[in-house]
Amino acid sequence: MNGSVPLGRLFGIPLRVHWSAPLLVFLLTLGLAANVLPAWVPGRSSGVYLLGGLVGALLLIASLVLHEVAHGVVARRAGTRVDDMTVWGLGGVTRIGRLHGPGRELLVALAGPVVSLLVAAATWGVGLVALNVLDWDVPAAVLIWTGVINLLVAVFNLLPGAPLDGGRVLQAVLWWRGGDRDRAERQAGRCGQALGGVMVLGGWIVLLRTATGSAGVWLLLVGGFLVVAASAEVRHAALAASARGVRVGEAMTTPAFTRPDWSTVDRVFEESTTWRSLGAVPVVDFNGYPSGVVRWRTVLGIPPGRRGAVRLRDVAVPLSTWATASTQDDLLDALDDSRGRLPLLVLDGGLLVGAVTTLDLARLVRSATRAGSAWTSGSGR
C-alpha cells in the first residue's frame, strides 16, 4: 500500500504501517479519554483517561495485526504466497497470491474473524477478572472496550461483500456451488458495491440528522472505501475471466515500447501522453538488452532544472527486481507473480520481445466482453 513503511516481520511475514495508522491511534485515544472512559468510570483524572485511551488504542492496533497475521499464516499453510500485511486507518490488509480451491479460500477468509472473536473473549475475560477480583476499574474498562470493538470487527468483516472477509466467504461458497471462480468473485464484488453504497447512504442520513455526525463520517469513509475496493474486485474478476487460458505471448504488445537507458529524463516529456498511459516504460542498454523499468511518477518527481542531466538508467527500477515472463507462460500466473506491477516484460534469451501493459489487459477484457455479448445474442435467437 502506498504511503506505508516497513516495521519488521511477524511469523516471517513483512509487516507495514500506513501513515493513517498513527492518526487512528490519536483519534481512538481522544475518543476513549473524552467520552468512553469518563462515562464508564467517572471521577478519574484526565491523565488517567488519556493513558487508558492510549493503551486501548494500542491494544486495538495489536488486535488488527493479529487478525491479519491469522490470514497470512493460514494462507501460507494453504500453499500460496504472502507478500505483506499492512495496518492502516480503516483496519488491515494482507496481500496474498491466488488461492487454488474454494476450501482454501474459505479457511483463509474465516481465519481473521475467528482470531478477532478469540481476542474479544480473552479481553472480556481478563477485563472481568480485573474488575471483580482486582478492582481495577479503568484497566477493566479498557479491556472490555477492546473486547467489544473486536467483536464488532469480527461481525463487520463477516458481512457478505468483497473485499471484506464475509465477501471472501461468499465467494468461496459460490465458487464451490457453481464451479466458476471468476463469476463468484464478480458476484461477491457486486455485493460489496451494494453494501458500500448502503453505508454511504446511511452516513449521509446520520450526518443530516445528528449534531456531531462523527458516526456518519466513519460510515462515509468505510462505505466509500468498500465501493472503491469492491469495484476493483469486479474489474479483477473480469480480467481473470478474460485471461484464463491465455498465454503471455497472445496478450503482449510486440515490439514493446522502450527507450534507451542513456537518454535523459527531459526527453520523456516529449512523449508524455504515451508515458502517462503506460505508467512505466522499460529501458534498454547499448546492446538492446533491458536494464530496468522507469515509472512515470518517478520522472514527474524530478525537478525540471535537473531533468536534462539525469539519465533514465539513474532512476530505473533494476530489471532484477521486476517480474518477467516468457511467451509460453500462463498469463494469469504471470500476472500473479508480478504482484500487479506492469508492464510485464516478456523475455527470450535475455532480449525483450514484448510487454504486457495496462492497455493490453484493457484490450483483452474488451475483446472478451464483445465475444461474450455476441455469443449471448446468438444463443438467444
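We number each residue from 1, going along the chain as drawn.
Cβ atoms here come from the backbone N, Cα and C positions, even for glycine.
Just so you know, TrEMBL annotations are computer predictions that nobody has curated.
Counting every protein chain shown, 23 other Cβ atoms lie within 10 Å of the Cβ of Glu68 (active site). Feature annotation from TrEMBL assigns active site to Glu68.
Per TrEMBL, the feature Zn(2+) binding site maps to His67, His71, Asp165. If you take the C-beta of His67 (Zn(2+) binding site) and look for same-chain residues 6 or more apart in sequence within under 8 angstroms, you find Gly91, Gly92, Gly112, Pro113, Val115, Ser116, Val119, Val153, Asn157.
Marked as domain 'Peptidase M50' by TrEMBL: 57-128 (among others).
Long-range neighbours of the domain 'Peptidase M50' (139-182) within the same chain, counting only residues 6 or more positions beyond its ends whose Cβ lies under 8 Å from a Cβ of the stretch, are 32, 36-37, 40-41, 52, 55-56, 59-60, 63-64, 67, 91, 102-103, 105-106, 108-110, 112-114, 116-117, 119-124, 126-128, 130-131, 188-189, 191-196, 226, 229-230, 232-233, 237-238, 240-241, 244. As annotated by TrEMBL, domain 'Peptidase M50' applies to 139-182 (among others).
If you look up TrEMBL, you'll see 21-41 (among others) marked as transmembrane segment.
Positions annotated as transmembrane segment by TrEMBL: 47-67 (among others).
For 106-134 (among others), the entry in TrEMBL reads transmembrane segment.
Per TrEMBL, transmembrane segment is recorded for 140-159 (among others).
According to TrEMBL, the transmembrane segment annotation covers 191-209 (among others).
Residues annotated as transmembrane segment in TrEMBL: 215-234 (among others). Sequence-remote contacts of a segment are chain residues at least 6 beyond its ends whose Cβ falls under 8 Å from one of its Cβ atoms, and for the transmembrane segment (215-234) they are 90, 161-164, 167, 185-186, 188-193, 195-208.
Look at His71 (Zn(2+) binding site): DSSP puts it in a helix.
Residues His67, His71, Asp165 make up the record's Zn(2+) site, and a Cβ search at 8 Å around their centroid adds Glu68, Ala70, Gly92, Thr94, Ala109, Ala111, Gly112, Pro113, Val115, Ser116, Asn157 from the same chain. According to DSSP, Asp165 (Zn(2+) binding site) sits within a helical segment.
Residues belonging to the domain 'Peptidase M50' (139-182) score a mean pLDDT of 97 in the model.
Within 10 Å of the C-beta of Asp165 (Zn(2+) binding site) there are 25 other C-beta atoms, taking all protein chains into account. Using DSSP to sort the residues of the domain 'Peptidase M50' (57-128) gives these counts of helix, strand and coil: 48 helix, 13 strand, 11 coil.
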